[in-house]
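Novice: Below: one structure in structure tokens.
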Amino acid sequence: MFIEEAPNERLAHTSTYNMYLLCMNNFSDGFNMSIASECIQLSSGYSMPLIGIGTYKIHGKETIYEVIDESLKVGFRSIDTAAVYRNEEEIGDALKELLPKYNLRREDIFVTTKLAPSENGDPEGIQRSVLKSLKSLGLSYIDLYLIHWPGAARIPENSQQNKDLRACTWEKLVELHNKGLIRSIGVSNYTVDHLKQLLNNYYGVKPAVNQVECHPHYRQEELIKFCNAEGIHIQAYSSLGTSTNTNLLKDPVVNIIASEINVSPARLLLKWALQQGIGVIPKAVKKEHIRDNINLNFIIDTKQMKILSSLPQIKYAWDPKNVY
């Protein structure tokens with residue numbers, strides 16, 4: 001364990017100065033400090049870096065160590081994982097060694113993890129999951145804890161049970177939040193309907209974040225408008241699309257605009273989100289890709305943004321719209 005900070009000081013970082021320190025403190029070489037230091041203040045009162053590292057399908061102690069080592073070196077201060085990724089323990093081990101290496105404290109990083117769908121609606125299972133994540137990550141509190149999916153495992157998508165189990169899950173997470181084990185709570189893959197149901201009775205704590213698929217091929221405009229109105233921060237996954245016949249990275253329009261700005265298609269797609277205040281959590285294993293993902297100190301002009309935001313809509317990841 002490498003945590004010294006008491007978990008119940010929930011509003012410790014709400015001042016402008018402390019939010020600045022959270023993201024600016026102790027960068028090893030000043031590499032892309034301005035991008036790495038951009039934060040959003042969540043409804044919980046805490047601030048979260050707009051850009052973090054994704055760890056989906058990254059496994060192996062050595063690989064994870066190298067990814068986090070390079071990420072911290074170049075300025076990343078936010079790490080996204082989940083119970084179902086099965087890499088929390090390796091991430092915790094890496095942080096235990098690497099925070100001292102870069103003269104970082106616990107409060108200098110922001111860690112997100114997520115509840116597995118198999119635990120939705122089970123208060124005891126939820127508590128076990130949170131405690132297991134804390135132990136695996138070597139933390140005394142989790143910065144952001146998300147409900148990974150609006151449906152419960154082994155329950156049909158069209159079953160009303162999903163709605164009831166979501167409400168039960170949220171109530172338990174609010175309890176754990178109030179105990180200081182979780183600083184901010186949120187959701188992932190929630191539609192507008194799911195959010196409306198939750199906001200009818202949110203037990204005193206609104207969701208701080210909704211992590212969803214979002215990119216020029218799947219812009220989620222209605223959802224973003226709703227979340228902005230409710231003070232729910234949108235964080236994007238699959239920002240670069242996936243390797244399919246409609247690969248976003250190979251889209252001709254994306255490549256033309258990337259060439260105009262003299263950046264890679266990946267950097268262009270990440271910046272497209274950031275310029276709208278949407279958080280991103282790109283995954284990378286190669287050092288050059290990790291550095292590229294934070295090297296975003298450029299501007300996409302208004303005309304280019306409009307062109308990117310008019311591409312045909314294609315969904316790549318799981319679709320939660322059929323979950324009751």
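Every residue, even glycine, has its Cβ placed from backbone N, Cα and C.
From TrEMBL, for reference:
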type: ACT_SITE; residues: Tyr85; note: active site, proton donor
type: BINDING; residues: His148; note: substrate binding site
type: DOMAIN; residues: 51-310; note: domain 'NADP-dependent oxidoreductase'
type: SITE; residues: Lys114; note: site 'Lowers pKa of active site Tyr'
Novice: Looking only at DSSP and grouping its letters into three states, which state does Lys114 (site 'Lowers pKa of active site Tyr') belong to?
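Specialist: Note: Lys114 (site 'Lowers pKa of active site Tyr') is in a strand by DSSP.
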Novice: What average pLDDT is reported by the model for the domain 'NADP-dependent oxidoreductase' (51-310)?
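Specialist: PLDDT averaged over the stretch: 97.
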Novice: Report, in whole Å, the straight Cα-to-Cα distance of Lys114 (site 'Lowers pKa of active site Tyr') from the residue listed as 'substrate binding site'.
Specialist: 5
Novice: Measure from the CA atom of Lys114 (site 'Lowers pKa of active site Tyr') to the CA atom of the residue listed as 'active site, proton donor' and give the result in Å, rounded to a whole number.
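Specialist: Taking the Cα atoms only, the residue listed as 'active site, proton donor' lies 9 Å from Lys114 (site 'Lowers pKa of active site Tyr').
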